[in-house]
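Novice: Please find one structure pasted underneath; my questions will follow.
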Amino acid sequence: MDFTNLKNTDPELLDMIKKEEERQEYNIELIASENFTSLSVMEAMGSLLTNKYAEGYPHKRYYGGCEFVDEVEDLARERLKKLFAAEHANVQPHSGSQANMAVYMSVLQTGDTILGMDLSHGGHLTHGSPVNFSGKLYNFISYGVDKETETIDYEKLKKIALENRPKMIVSGASAYPRIIDFQKIREICDEIDAYMMVDMAHIAGLVATGLHPSPVPYADFVTTTTHKTLRGPRGGAILCKEKYAKAVDKAIFPGIQGGPLMHTIAAKAVCFGEALREDYKEYMQQVVKNTKVLGEELKNYGFRLISGGTDNHLLLIDLTNKNITGKDAEKLLDSVGITVNKNTIPFETLSPFITSGIRIGTPAVTTRGFKEEEMKKIAYFMNYSIEHREENLSQIKEQIKEICKKYPLYQNA
């Protein structure tokens, strides 16, 4: 990208950006929630739309001069509705967490009971963690996975729901490698007359391309981020049934946000447009293929995969049998140029700052052009680094750098 002005006005900051640019260029990015946006997304993000205040919604703003940003937001909303066949869309949430907060606030009262997936079983902070606003403002009860299969125990979920009769059931996860049965959860919600919310932040790209069943026909509310598998700018969005549209929109503005970030909404419109193209479907198909191959190769090296494998874009790995913690594995792999994150596993025995596992995913490396052969090499690099962690691993670091050079991040930047 062109940094001519920044070079002249703030070389100190530019130096930091350049160092991060180099890190992204020469590291294998396996954090499941990260991806690389297109240059078009970044151009929209860096546009003069950042100058415009636009409190309110298109054609009902509290400021003048909004006729063109109205067009931008309308375009983003229409593309998002088309992408997921939804009745209503709100593209103003600054993040997935704020999208979730707005849904809770739209139909619930403080102190209401909500059923959400346990964080250590693959849920998310905003699904009821006691350190998060969700756990502080609402009475969250957790469900999780079966100890044997390590997949969601729907019978137990139903039992907990019948015993506690929550006002809402939240599904979706941040570290769950299997298909989620939204129809089954809808049936449980209907039995207890509860709202159904799905946080599809991680799997939105899979849903958009038919690689994971869509929650939209079943859920009252669906939230997502725009920067994971959707490959857009950092931000959030909400889809809902038309009957909840006013309540959701009011919860975002004036409920928890003021002016929307119009440059980000423009970038969201770009990413939704990209996701509607055929080449995006091919990309997501390759993500799933890559994840399966990476998982099988790691199993061949003796790594234990939670639930035995994957149906989506991520793998959750139990490192107990490798005699290394998630924290140490993250640091070790980072030293050779592979970026992962430590992650709790179901029925975790260690602290969330240490963890028994790591979470990895293939969306970012697939964006670069990595395919099955590269997945086999990544599995080899990971295994070799962990098995020979007391040795000099400079040759692995060099091999990783060479692979990254073959697949430059932004060839035309």
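Backbone N, Cα and C define each Cβ position, glycine as well.
Here Swiss-Prot flags LEU119, GLY123, HIS124, LEU125, SER351, PRO352, PHE353 as (6S)-5,6,7,8-tetrahydrofolate binding site, drawing on sequence analysis. The N6-(pyridoxal phosphate)lysine feature in Swiss-Prot is assigned to LYS228; the stated evidence is sequence analysis. The site 'Plays an important role in substrate specificity' annotation in Swiss-Prot covers HIS227.
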Novice: Could you measure between GLY123 ((6S)-5,6,7,8-tetrahydrofolate binding site) and HIS227 (site 'Plays an important role in substrate specificity') for me? Cα positions, answer in whole angstrom.
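Specialist: That comes out at 18 Å between the alpha carbons.
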Novice: Out of these binding-site residues, GLY123, PRO352, which one has the fewest other C-beta atoms within 10 Å of its own C-beta?
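Specialist: So among GLY123, PRO352, the binding-site residues given, the one with the fewest Cβ atoms within 10 Å is PRO352.
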Novice: For SER351 ((6S)-5,6,7,8-tetrahydrofolate binding site) and LYS228 (N6-(pyridoxal phosphate)lysine), determine the Cα separation and express it in whole Å.
Specialist: 26
Novice: Give the helix, strand or coil assignment DSSP yields for PHE353 ((6S)-5,6,7,8-tetrahydrofolate binding site).
Specialist: coil
Novice: Look up GLY123 ((6S)-5,6,7,8-tetrahydrofolate binding site) in the DSSP assignment and reduce it to helix, strand or coil.
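Specialist: Where GLY123 ((6S)-5,6,7,8-tetrahydrofolate binding site) sits, the three-state DSSP reduction gives coil.
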Novice: Give the distance between the Cα atoms of PHE353 ((6S)-5,6,7,8-tetrahydrofolate binding site) and HIS227 (site 'Plays an important role in substrate specificity'), rounded to the nearest whole Å.
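Specialist: Pair distance, Cα basis, whole Å: 25 Å.
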Novice: Residues with Cβ closer than 8 Å to the Cβ of LYS228 (N6-(pyridoxal phosphate)lysine), same chain and 6+ apart in sequence?
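Specialist: Sequence-distant Cβ neighbours: ALA32, SER33, GLU34, ASN35, ALA201, HIS202, ALA204, GLY205, PRO363.
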Novice: Where LEU119 ((6S)-5,6,7,8-tetrahydrofolate binding site) and HIS227 (site 'Plays an important role in substrate specificity') are concerned, what is their Cα separation in Å, rounded?
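Specialist: With distance taken Cα to Cα, HIS227 (site 'Plays an important role in substrate specificity') is 21 Å from LEU119 ((6S)-5,6,7,8-tetrahydrofolate binding site).
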Novice: Roughly how many Å lie between the Cα atoms of LEU125 ((6S)-5,6,7,8-tetrahydrofolate binding site) and HIS227 (site 'Plays an important role in substrate specificity'), rounded to a whole value?
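Specialist: Just about 18 Å between their Cα atoms.
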Novice: Output, ordered by sequence, the same-chain residues six or more apart from HIS227 (site 'Plays an important role in substrate specificity') with a CB under 8 Å from its CB, or 'none'.
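Specialist: When sequence neighbours closer than 6 are ignored, HIS227 (site 'Plays an important role in substrate specificity') has SER33, ASN35, THR37, PRO233, ARG234, GLY235 within Cβ distance under 8 Å.
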